[in-house]
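Asker: Quick paste of what TrEMBL says about this protein:
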type	residues	note
BINDING	LEU172, GLY176, HIS177, LEU178	(6S)-5,6,7,8-tetrahydrofolate binding site
DOMAIN	30-133	domain 'Serine hydroxymethyltransferase-like'
DOMAIN	164-437	domain 'Serine hydroxymethyltransferase-like'
MOD_RES	LYS284	N6-(pyridoxal phosphate)lysine
SITE	HIS283	site 'Plays an important role in substrate specificity'
Amino acid sequence: MAAEPSSFSIKPGESTESTAFRSALDVIRAVEPRVADAIGAEIEDQRAQLKLIASENYASPAVLLTMGNWFSDKYAEGTVGRRFYAGCRNVDTVEALAAEHARELFGAAHAYVQPHSGIDANLVAFWSVLAQRVESPALERAKVRHVNDLTEQDWAALRRELGDQRMLGMALDAGGHLTHGFRPNISGKMFDQRSYGTDPATGLLDYTALRETAREFRPLILVAGYSAYPRLVNFRIMREIADEVGATLMVDMAHFAGLVAGKVLTGDFDPVPHANIVTTTTHKSLRGPRGGMVLCDAELAEHVDRGCPMVLGGPLPHVMAAKAVALAEARRPDFRDYAQRIVDNASALAEGLLRRGASLVTGGTDNHLVLADVSGYGLTGRQAEAALLDAGIVTNRNSVPQDPNGAWYTSGVRIGTPALTTRGLGVREMDEIAGLIDTVLANTRPGTTANGAASKASHVLDASVADQVAGRSADLLAGFPLYPGVDLGQS
Ligand SMILES: *Cc1c(COP(=O)(O)O)cnc(C)c1O
């Protein structure tokens, strides 16, 4: 298959995709036209937006179409070949294919493709490790094979033990994720948690401090992975630290799985050979359907496979089928070009911002995202996010390390390149986008509150500047049509 500049663009004039989506919308319109209209409006919105949200992407028409069919009707609790429901042979086919593609693509011993999302994949991982390291030894001590065979007393003791384990994860303001042991998420209620962070001087992960914390705290699980850290993580060092303190190393690669799949992150920076268990989403840089996945070593496999019904609802066969399609796409050589272009684009964006005087957390990026500290513009993250949106640029606000404005207003804006790279934009466009971002932020002032003080929430941006930037971004996007093969016949 030939590599295309925008990797799922099709030849002009070819209309298979248009026919497929138009027909689907006709079928939907006959039942609830407002839904058909909203679907049509959504592609228009997405086409019009300069999407720089680091966690979003555009899945291929093949992936999208795979999700809309009768696979959705099947119950398939269990695993391939071992179902609790009859009639699952076709589900077996697609689930086995998705798992095979995942194992081959990532070089993993085992792949579990049932999780419905990244958060679900993390829950499966936590409970698999608890099953392996807390529950199984308790069953052995009691000389029984199943939890149902434990005495009431042993069961009560085991439940207390399961609820009294320690987790060490990356601090939220350093770029970690809520599901890595923070109180608002169930992981924080399940585990006694401590976090590790970055060096205030450099913004880089502080492995020395992390090692000290790990030695003292001795977690059951060491979690690595992030959603807002613009640099690489050395997973070989992470594994060394985990081994030293008897922890299981779990890596949540939800954000950067596409860079692993595309062999941009290799050696020490590829989590799969180093971690005991790896979780991911399938819809971020990996560019598949919304969903999650767990990869693990052979020892954890039997526990991971019990994810449903342990913490997951019944598997979604239509989504597992779409995962198989997306992973097949990610195994093609052109996906490696795609992954490299994501990183090249992020570097170009970072350089463009730095050249114009912006301040970036860690001074740059090695991956798919840039974290701009907007306090130099006199703005909060919330004001910057809203001002950029006025000009048609979609980003999201994010804390910076030791953020003085807290997690709601924040001082940062997170900017990622996977989506626009899918659209085909390159380093030249990224430099121009850096200019547009700088123009918006330099022309935005904080609004004032009722008593005249500077607001952290509202902002003032000249409509003429917003319009001028929006116009330029529309011109830029016009050169890179989104879903070029999909013409719904609307204006
Ligand atoms: C996005 C993300 C998740 C959650 O994924 P969902 O599919 O939204 O549940 C989990 N972990 C990390 C690190 C993420 O970035």
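Note: Cβ is positioned from N, Cα and C throughout, glycine not excepted.
Curation plays no part in TrEMBL annotations; they are all automatic predictions.
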Asker: List the Cα distance (Å, whole number) between HIS283 (site 'Plays an important role in substrate specificity') and HIS177 ((6S)-5,6,7,8-tetrahydrofolate binding site).
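Answerer: HIS177 ((6S)-5,6,7,8-tetrahydrofolate binding site) has its Cα 17 Å from the Cα of HIS283 (site 'Plays an important role in substrate specificity').
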Asker: Taking ligand 1 as the reference and 6 angstroms as the Cβ limit (strictly under), which recorded positions among GLY176, HIS177, HIS283 are close?
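Answerer: If the test is a Cβ under 6 Å from any atom of ligand 1, the answer is HIS177.
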Asker: Would you pick out, from the binding-site residues LEU172, LEU178, the residue whose Cβ has the largest number of other Cβ atoms within 10 Å?
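Answerer: When each Cβ's neighbours within 10 Å are tallied, LEU172 tops the list.
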Asker: State the three-class DSSP label for LYS284 (N6-(pyridoxal phosphate)lysine), counting H, G and I as helix, E and B as strand, and everything else as coil.
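Answerer: The three-state answer is coil.
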Asker: Applying the rule Cβ within 8 Å of the centroid of the Cβ atoms of LEU172, GLY176, HIS177, LEU178, what extra residues of the same chain belong around the (6S)-5,6,7,8-tetrahydrofolate site?
Answerer: GLY169, MET170, ALA171, GLY175, THR179, HIS180, PHE182, TYR226, SER227
Asker: Applying a 10 Å Cβ distance cut-off over all chains shown, what neighbour count does HIS283 (site 'Plays an important role in substrate specificity') have?
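Answerer: Its Cβ has 25 other Cβ atoms within 10 Å.
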Asker: Tell me, by DSSP, whether HIS177 ((6S)-5,6,7,8-tetrahydrofolate binding site) is helix, strand or coil?
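Answerer: In three-state terms, HIS177 ((6S)-5,6,7,8-tetrahydrofolate binding site) counts as coil.
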Asker: Summarise the domain 'Serine hydroxymethyltransferase-like' (30-133) as counts of helix, strand and coil residues per DSSP.
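Answerer: The breakdown for the domain 'Serine hydroxymethyltransferase-like' (30-133) reads 60 helix, 9 strand, 35 coil.
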Asker: Count the other Cβ atoms sitting within 10 Å of the Cβ of HIS177 ((6S)-5,6,7,8-tetrahydrofolate binding site), across every protein chain shown.
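Answerer: HIS177 ((6S)-5,6,7,8-tetrahydrofolate binding site) is surrounded by 23 other Cβ atoms within 10 Å.
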Asker: List the Cα distance (Å, whole number) between LEU178 ((6S)-5,6,7,8-tetrahydrofolate binding site) and LYS284 (N6-(pyridoxal phosphate)lysine).
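Answerer: On Cα coordinates alone, these residues lie 17 Å apart.
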Asker: Measuring Cα to Cα, how many Å separate HIS177 ((6S)-5,6,7,8-tetrahydrofolate binding site) from the residue listed as 'N6-(pyridoxal phosphate)lysine'?
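Answerer: Rounded to a whole number, the Cα-Cα distance is 15 Å.
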Asker: If you draw a 10 Å sphere on the Cβ of GLY176 ((6S)-5,6,7,8-tetrahydrofolate binding site), how many other Cβ atoms land inside?
Answerer: 24
Asker: Determine the mean pLDDT over the domain 'Serine hydroxymethyltransferase-like' (30-133), rounding to the nearest whole number.
Answerer: 97
Asker: Cα of LEU172 ((6S)-5,6,7,8-tetrahydrofolate binding site) to Cα of the residue listed as 'N6-(pyridoxal phosphate)lysine': how many Å, rounded?
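Answerer: Approximately 19 Å lies between the Cα of LEU172 ((6S)-5,6,7,8-tetrahydrofolate binding site) and that of the residue listed as 'N6-(pyridoxal phosphate)lysine'.
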